[in-house]
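In what follows, a structure is listed as structure tokens, so that the remarks can point back to it.
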Amino acid sequence: MNTRLSNLTPIRSRENILKDEQHEPHHQRRTKIVCSINEKTCEIDIIREMLKAGANALSINTAYTHDRRQYEKLKMIRDQLEQELDHTIPINMMLQGKITRIGHLRQPEIYLKKGNIIRITQDNKVIGDENIICVDQDELFTQAKVGDQIFIDYGQIVLNIKALETDQEAKQILMEKYPDLYPTEAMFRNSIFEQDKSEKSKLQSKSSLSSENSRGGSSTQLQSKKQKYIDQIIQNKKQKLATKSLIVFICEIEQNCLMRPFKPLFITNRTKEQKQTIKQSDDSDEEIETQITSKDINDFTIAKRLDFDSITLSNVSRPEEVHELKHLLGSSTNIQIFVRITTQEGINNFDKIMEIADGCIIARAYLATWAQIEDVVQMQHDMILNCRKLVKPVLISTQILESMLTQTNPTFAEMGDIADVVEQHIDGIMLSGETTYGNHPIKVVQALARISTNIEMHTRLQYQGIFQIKIQENPIASIIAQNAIENAYSLRVKLILLFTTGETALSLSKLHAPCPIVAVTAKKTIARNLNIVNGVIPFLVGSLVGIEQLTPRILENFKQKGWIKQGDYIISISGLFGTQEGIINQMTILLI
């Protein structure tokens, strides 16, 4: 054998490489992972594996959830896994709002061919295919017109509206193409006959106790009543279809693409007059149209009852919309309100919105439907920076690991995108379709956790003494946080131990602490909410009374985990209380 070949290192499998990575020096991942859940993945075994793979929080989108029993099921799963895994698991409910989405499809993915015709109807009974789809909001049919373009799935699907079918044409086509939804009279009678076979045999069995003549008479009367019943149902269905006004858009598919259920839909190429009207309405004093629907109210009422931790209000453009949701929720709840920014108006009012909201989700794919993609990158950067200054959690969503819907490995472009937001100190990354209808939900979480951890290990945090965060209601919390961070960088502190009610932990995170922040709290709601904050590890205790006794026990816990060792510096912060006379506080530097 050639000696040069024999000296080559044998090729190692990807599986062996990943196993070896588990034995590398400990690094506690700072960037949090939020997994969206739907009916498909709302199973305890799947969610358990997601959490073990690196997920920190769960989110359920009401646009995808049509069975409200799923909310109860998710709460039960969360409560069970919190005890089993011994850590808190926050749940976020994302409200649908007035964003228009397509409905159910006959298959998880449907291929659309360039140049083919597809129809859009408002009849939500239609199960979509390559010929027709339905939408869940009637506003589309009052806003769109022939010549407009329709974007589905953030522009992955582009449809050009070619014509509008009249009411009678639409009904005729629906009856011809979808006899299961709009059966003919003969088909309906036949289906009724088939469904009643079992009932007929039961009735005949009972009537066998009577005489032959009486049985014949009863059978004739029964058949007559049944015929009248069928005739009445057919008449009702005909009348309902006749009185219902149906609008159907005929659209041409602009490019070959894949269509998936429940994806958002947008209209583009509006007229200049419409754009001017929209622009003028931004500065008007007229009453603001609410973004909260009756469905949203029903959904967040359930979230409040089930002790969910946060609610995301979609498509927020003005601070008044957040005020409205807070008013509807009431003052007795601890539920946090996150906002999802999707419009130019929302960008313009971002600081005012974030003054009221508890956190932000950047839905960059929505932004890309009206702005240039290269501009969205800068918008994303600015929103992350503004949330840092305002001391508010910020997450990013949509199109994170889209390739892993079907593939088992991410693309290089996706890894570069994730690296960019991790280096910007994003609080969390939200997976959407990847963990709902994707084929590899567990592998997606594993991949995102590995990428984030690797980027963090090779990104050197630097002290930014000149960076100013917004002074909170308790300004001393910000001052103490800044002093703690300065000492943490100077002494290369390995752990910040914080006895907190939440505010100081956020400040430490936004100042880019160079080490994990262990936030010790006696309130489960605070522990859950802090589980989506960058670099913060919530530690739930029964009581904060007796901090002197708690500290050694907590530090011993983290010694056993390998986070700290003999000779490391620790910063302990406790007792931040505001009074009119002054502030009582304590920051201690410990040498293990």
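Note that the numbers count up from 1, one per residue, in the order the chain is shown.
Using the three backbone atoms N, Cα and C, a Cβ is placed for every residue, glycine included.
Check TrEMBL against the ranges 1-27, 298-324 and you find region 'Disordered' recorded for 1-27. According to DSSP, the domain 'Pyruvate kinase C-terminal' (480-589) comprises 43 helix, 32 strand, 35 coil. Residues of the domain 'Pyruvate kinase barrel' (29-169) grouped by DSSP class, helix first, strand second and coil last, total 34 helix, 44 strand, 63 coil.
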